Amino acid sequence: MSAAKHKNAGFDGAVIPASSFAFDVKDANLILAHLIFSFIALFLGALAGLLQALVRAGYIVLPPMLDYYQLLTAHGVLLALVFTTFFIIGFLYSGVVKTLDGKMLASARSWAWWGFYLMLAGTIMAAITILTNDASVLYTFYAPLQASPWFYIGLVLVIVGSWFSSIAIFINYAYWRRTHKGEVSPLFAYMAVATMILWIIATIGVAVEVIFQLVPWSLGWTPRINVALSRALFWYFGHPLVYFWLLPAYIYWYVNVPRIIKGKVFSNTLPRLTFILFILYSVPVGFHHQLNEPGISNFWKFLQVVLTMIVVFPSLMTAFAIIGTFELAGRSQGAKGRFGWIRKLPWGDVRFLAPVLSMLMFIPAGAGGIVNASYQMNQVVHNTLWVTGHFHLTLATSVVLTFFGISYWLIPVLTRRTLTPGANKLGIVQSVLWIAGMLLLGITMHIVGLMGEPRRSSFSTYNDHATALSWLPYMYVIGIGGVLLFISVMLFLFAAVYLMYYAPRTDQPAEYPIGEVDESTQHPPLILERWSLWIAVTVVLVLVAYAVPIWHLMQTPLATWSPPVRTW
Amino acid sequence: MELPRYEKIWLITGSITLVIFLVLLGIMGFAMGFNPSGHMKTIAPDQVGATPPFDKPGLFTVADKEYRAVMQAKVFAFLPGEMTIPAGSKIHFEVTSPDVVHGMYIAGTNVNMMIVPGHISEFTHTFNKPGDYLILCNEYCGSGHHLMLGRIIVQ
Ligand SMILES: [Cu+2]
């Protein structure tokens, strides 16, 4: 295949012309560093996931040097915390650079590298403690299980590093606003700023937990820990964490995908409003992860359930906007009839197919989430495999598959190579395999979870109890799903390495797809860009939802706090 | 901010559904008493074995077909580990942990409690159908987590 033939990457009618825009090598290296490290975490985390799925199905028994819960900790930390954070920051940088004058400011770049190295150092520290079996506390690290202090210090470095990374985005955005007075900021940059604001507000909770509770306690400076308080702080962070994963996928759906399908960004205002709503209503809701817990009264639990459900609005708005964009794109290309536009979409282009499969999966996944947060109904599914199934459909499908779709074009744009038709096909096969694996694994987890099978448990027949034995056939299916997913990750990594180092070089890389805003759409009101206002409203909502119950948890007598325990 | 007409209809339908849904949840919770497990009582975790009633875990009769189950969830067992009751009995569970966080879940029922050291969890359930009910720990508590179990025999 000659490089010239597929210079203008774009398959099945999708459009991405070659472009004269190319990333500065310094920016490209920064972004690639984040992507490469995220892929290493993806590989190791997926390997742990494969072994877990095989153990749980009873297909294999681990060698004595490896513990199931050690693998489970590695899987959660590497995939949910490390892979996502590095990938998201890399992707956000790319769009921020592209839409804000094409270059990162030198000062911002040094913040970004500091952030990268801090997160890298923290990840390595935490990984070593997991490897030596000194931190089999899972990625939620619930006290009073006590890991090595280096595990917690590693986490602090990751969190603080990610703050440095967000400062890099803020610096570029603030500079752009100063030098483009009176202009509306580009949609991608706006959404990147919103995502990082949400991240900082969210991570304050876990930072307080780790720095003021876990680190001094694990070093032996404080003998006891307020367990209930540490859990509330963790979940203050744990829920918005899922929006930190989701929002970058939304950015891709809202801003990048319209360009690929020859459409326009539906509105310049509503996507911004959506993101503001996510900031406001993702934080004061953590108790819906703690509905069955003592120490928090029913009133506060229910209040946070109500606040949680407000997420329905930005979700409905997003569903409307995305489908509307697709339909308008199809119609502008001459589609006839009510559903003719569906056939005009570039199904054969992995950059479109991967995110569209993610969106479809998000519909049942989101519905399951409403069950989880529904006060009473939560009792039926809490801590069963249903929940594991839920975030394998949301995070591991809707978000991660979108990240795969992004990688297929972002890597070649950064390395000035081409997304070849072969690599595109490989991407389609890989995406479909991912969906197949997730349907087997995720849907079956939902079913067997409803029957009672617990999450986060090694293989067990509970003394051959009839109820537990009835779950086994489902676990066989989940095991097969795990194998398919691992094969899919391997195909993805193969494609990533190919696109990074071996795909044909080109002087004119494919254009970084940024959708144009429909000109008929109205000018976004300036108030949407008044960040201080939205942060203030968020703080008020957080105080309303959390101040009293947290104050109450802080009042528990010292004798009811817990000394450290190591039970693994 | 102006919304397209169909989006307005879409969002208004969504909001009405949501309000009805939340009102139903609220009525079920606060008028009908269907609330998740919890409670506000505290206890010293390292004194559980010396603090009544948890110093003598067991099943106590309150009235005809009504019991109080005073339980410890600890690594890696439930105390008491086995209870037998006649069908149609109501059990008030009072559970605490002397060590780490556990879960207490009875498969096939709505009994699904987080057991947090320092706190006491309470929940009430009526066992109408006879059977051999499996109690298991569904919050990770250490290397023997998947071996932590108990039984309720409903006759
Ligand atoms: Cu346990």
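Keep in mind that glycine also has a Cβ here, set from the backbone N, Cα and C atoms.
Just so you know, TrEMBL annotations are computer predictions that nobody has curated.
The following features are taken from TrEMBL:
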DOMAIN    A:15-503  domain 'Cytochrome oxidase subunit I profile'
TRANSMEM  A:30-51  transmembrane segment
TRANSMEM  A:114-131  transmembrane segment
TRANSMEM  A:151-175  transmembrane segment
TRANSMEM  A:187-212  transmembrane segment
TRANSMEM  A:232-253  transmembrane segment
TRANSMEM  A:265-283  transmembrane segment
TRANSMEM  A:303-329  transmembrane segment
TRANSMEM  A:350-371  transmembrane segment
TRANSMEM  A:391-411  transmembrane segment
TRANSMEM  A:432-451  transmembrane segment
TRANSMEM  A:471-501  transmembrane segment
TRANSMEM  A:531-554  transmembrane segment
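For the transmembrane segment (A:151-175), the residues of the chain that approach it from at least six positions outside its boundaries are 81-82, 85, 89, 92-93, 96-97, 100, 104-105, 107-109, 111-112, 114-127, 129-130, 134-135, 137, 141, 185, 189, 192-193, 196-197, 199-200, 203, 206-207, 210-211, 214-215, 218, judged by C-beta separation under 8 angstroms. On the 0 to 100 pLDDT scale, the domain 'Cytochrome oxidase subunit I profile' (A:15-503) averages 94 in the predicted structure.
The stretches the transmembrane segment (A:114-131) and the transmembrane segment (A:30-51) meet in space: the count of Cβ pairs below 8 angstroms, excluding pairs fewer than 6 apart in sequence, reaches at least three.
Sequence-distant contacts of the transmembrane segment (A:471-501) (same chain, six or more residues past either end, CB-CB distance under 8 Å): 32, 35-36, 39, 42-43, 46-47, 49-50, 52-54, 56-59, 385, 404, 407-408, 411-412, 415, 417, 419, 423, 426-427, 429-431, 433-434, 436-442, 444-445, 447-448, 451-453, 461. A Cβ distance under 8 Å defines the sequence-distant neighbours of the transmembrane segment (A:303-329), meaning residues of its chain 6+ beyond its ends; these are 239, 250, 253-254, 257-258, 261-267, 270-271, 273-275, 277-278, 280-282, 284-288, 291, 341-342, 344-345, 359, 363, 366, 370, 373-375, 541, 544-545. Between the transmembrane segment (A:265-283) and the transmembrane segment (A:432-451) there are fewer than 3 Cβ pairs closer than 8 Å, counting only residues 6 or more apart in sequence, so the two stretches are not in contact. Between the transmembrane segment (A:432-451) and the transmembrane segment (A:187-212), fewer than three CB pairs separated by 6 or more residues in sequence fall under 8 Å, so the two stretches do not touch.
Sequence-distant contacts of the transmembrane segment (A:30-51) (same chain, six or more residues past either end, CB-CB distance under 8 Å): 23, 60, 62, 66, 71-72, 74-75, 77-79, 82-87, 89-91, 93-94, 97, 104, 109, 112-113, 116, 120, 123, 407, 410-411, 414-415, 482-483, 485-486, 489, 492-493, 496, 500. Against the transmembrane segment (A:350-371), stretch A:391-411 has more CB pairs under 8 A than any other of A:187-212, A:232-253, A:391-411.
Within the chain, the transmembrane segment (A:232-253) has long-range Cβ neighbours (under 8 A, six or more residues past its boundaries) at 80, 84, 88, 91-92, 95, 140-142, 188, 191-192, 194-195, 198-199, 201-206, 208-209, 213, 274-275, 278, 282-283, 285-290, 296, 308, 318, 322, 355, 358-359, 391, 394-395, 398-399, 402-403, 405-406, 542, 546, 549-550, 553.
Sequence-distant contacts of the transmembrane segment (A:187-212) (same chain, at least 6 residues past either end, Cβ-Cβ under 8 Å): 88, 92, 95-96, 98-100, 152, 155-156, 159-160, 162-163, 165-166, 169-170, 172-173, 176, 230, 233-238, 240-241, 243-244, 247-248, 250-251, 254-256, 265, 268, 271-272, 275-276, 278-279, 282-283, 286, 514, 517, 529, 531, 534-535, 538, 542.
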